[in-house]
Ligand code: 1GP
């Protein structure tokens, strides 16, 4: 795939933990975005994911422009549809909603996006996207018209992730939904982690250090936090230090 040498080439390194901050364009102002960029300068953030299940404002392009002007953290699109492709970004999570049975989100949007992505310099991350039921219907579940995987059925999650891996997807994203009442269970994360050799991205409802630890301990390679950082930007520093401490420990045991 063509890639502009002058852009950072965002990588998920196996054997390390990563921290992604989810920026929902509908919830950010220029000032709040600049504040998060300033925090990310002092506290390591591996990726900015930009997007959401329903983006109603016209803010996305402006937010990405700000990020690219003021930060070196790679910007990865987290799109709800092919309408949200933006060439200013560094990469895109090409999400196939494998927990659902809606062909539009399994392959339809991808057919529309394919010629645009092939001609672009965006790094494409083929990702099996799994919505998990964490207690109330989420925007992602409603908008995609799909049923999430039941909270207490780790075997379904593991088999779904395995199917994604066998189909050639390269990442698994387990999402409990933005602002979820509770995060995905450690038992389910571990079941998926043990079922596949792919990097496992986990997000939704992580709003305390304890929940972040439980998610990382269970086997998440990438922890994604949006909502709680919007409300409490200081949480960015806490999670950044936590992820760094995991990587120090992983290095020691290498
Ligand atoms: C949702 O995984 C993300 O798509 C992040 O969720 O906003 O609850 O942190 P939160």
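A Cβ is built for glycine as well, from the same backbone N, Cα and C atoms used for every other residue.
The Mg(2+) binding site feature in TrEMBL is assigned to 24, 53. Here TrEMBL flags 173, 174, 175, 176, 177, 178, 179, 204, 205, 226, 227 as sn-glycerol 1-phosphate binding site.
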Among 173, 175, 177, 205, 227, i.e. the binding-site residues, the one with its Cα nearest that of residue 24 (Mg(2+) binding site) is 227
Taking ligand 1 as the reference, state which of the binding-site residues 24, 53, 175 have a Cβ closer than 6 Å to one of its atoms. 175
Recorded sn-glycerol 1-phosphate binding residues, 173, 174, 175, 176, 177, 178, 179, 204, 205, 226, 227 - maximal Cα separation rounded to whole Å: 17
For residue 173 (sn-glycerol 1-phosphate binding site), which residues in the same chain are close in space, meaning a Cβ under 8 Å from its Cβ, but six or more apart along the sequence? 93, 95, 127, 128, 129, 130, 201, 202, 203, 224
Going by DSSP, is residue 179 (sn-glycerol 1-phosphate binding site) part of a helix, a strand, or coil? coil
Quick one: pull the CA-CA distance for residue 227 (sn-glycerol 1-phosphate binding site) versus residue 53 (Mg(2+) binding site), whole Å only. 13
